[in-house]
Amino acid sequence: MANVHHISVPSKVLFQKARKLVPPMLEKFHKGQQGRVAVIGGSLDYTGAPYFSAMASARLGCDLSHVICESSAATVIKSYSPNLMVHPILPSSASVKDPSSIDAPSLASPIIAMLGRLHALVIGPGLGRDGVTLKVVTEVMKEARSRSIPFVLDADGLLLVTENPDLVKGYKDCILTPNVNEFSRLAKALNIEVPSLAQISSKESGDKTSKEAEACEKLSQALGGVTIIQKGPHDVISNGVTSIVSDLPGGLKRSGGQGDTLTGSLGTLLAWRAAYHDALWDSGEQEHSKEAENKEEVQGELESNKRMSPSTTLLLAAWAGAAITRECSRRAFKAKGRSMQASDLTDEVHESFLTLIGEPEGSKVPERL
């Protein structure tokens, strides 16, 4: 891995450090401080994906989980769970008089008005490819970026980046979660040469990961340091400066919708990350003001009791989200085998969190029976 800035930190150490990002359960907190996350997606054809993503956010532990969707999807998503706040304010061609002539900033204004109340966005689950919808979401992304609101992009949210990489280029508070096909399309759009599946498959296990990490790092660099989770047998995570691999065992069933558990988990982890950097509680770490700028400094923060800088916490949040999702998949597959569905992962989010990360010191939670 000569060209890859890969770090190797034991999973146990990473989970201990990830626990530092988790707000303890304390009487002093009020509603919303432990995370306000919104999923932007949900259309006539796709209602499951935003639900699975928003429920993963809720089950991991955010206080308020929103879905911003097209009106055609709202009632369906509401019927799935009363725990989600569903807002039918995402325009589509069916909801405007003249789809060929729209004022996208004006149509986006109801969504933009919500941004001040949110810690993180998940953009893409069930979004679809309606032209009006994508133009409106583009405006929302621009505004979120201008306000430094972190967001996760998946599915058709990634299509927007493929068509206009400048939307995220250089934005360090963004996580992309492409599968192998989405990764290839992004790489092609940015003229990044990546090894084919056949080339990767012909390599030994360690070399496969090396090739994937190198490609992931190159794509991140081309996007100016955006964090990328390249999903696969091993999840490769890179911000262009530092790369890390999530290789916990997962399930073997490749049913659709499992990536929505990842995006929702990431949404909550990004919200917790914001609370961590706002110092809403004492993490017990030594104060440390220097930003980690290279692989060695990131690894140093992860392996010490120093307070982490934003670049380190973003990489750690991405790794933790991937690890939790893999554990959800493993548990669900063990219970359901070939019949496993995306909803089975939702049921495993909390137990997976407790098994891998656990409640932080000082949390006042009831003892388990």
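Glycine is treated like the rest: Cβ placed from N, Cα and C.
As written in Swiss-Prot, here are the features:
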type	residues	note
BINDING	GLY126, ASN179, VAL180, ASN181, GLU182, PHE183, SER184, ARG185, ASP260	(6S)-NADPHX binding site
BINDING	231-235, 250-259	ATP binding site
COMPBIAS	284-306	compositional bias 'Basic and acidic residues'
DOMAIN	14-356	domain 'YjeF C-terminal'
REGION	284-307	region 'Disordered'
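The DSSP breakdown of the region 'Disordered' (284-307) into helical (H, G, I), extended (E, B) and coil residues amounts to 8 helix, 2 strand, 14 coil. It is 16 Å from the Cα atom of PRO233 (ATP binding site) to that of SER184 ((6S)-NADPHX binding site). Candidate binding-site residues: GLY126, GLY257, GLY259. Fewest other C-beta atoms within 10 angstroms, GLY257. Long-range Cβ contacts of LYS253 (ATP binding site) within its own chain (separation 6+, distance under 8 Å): SER329, PHE333, LYS336, GLY337, ARG338, MET340. Secondary structure at GLY259 (ATP binding site), as computed by DSSP, is helix. The two recorded residues SER255 (ATP binding site) and GLY126 ((6S)-NADPHX binding site) have their Cα atoms spaced 16 Å from each other. The secondary structure of ASP235 (ATP binding site), as reduced to three states from DSSP, is extended strand. Cβ-based neighbour count (10 Å, all protein chains) for SER184 ((6S)-NADPHX binding site) stands at 16.
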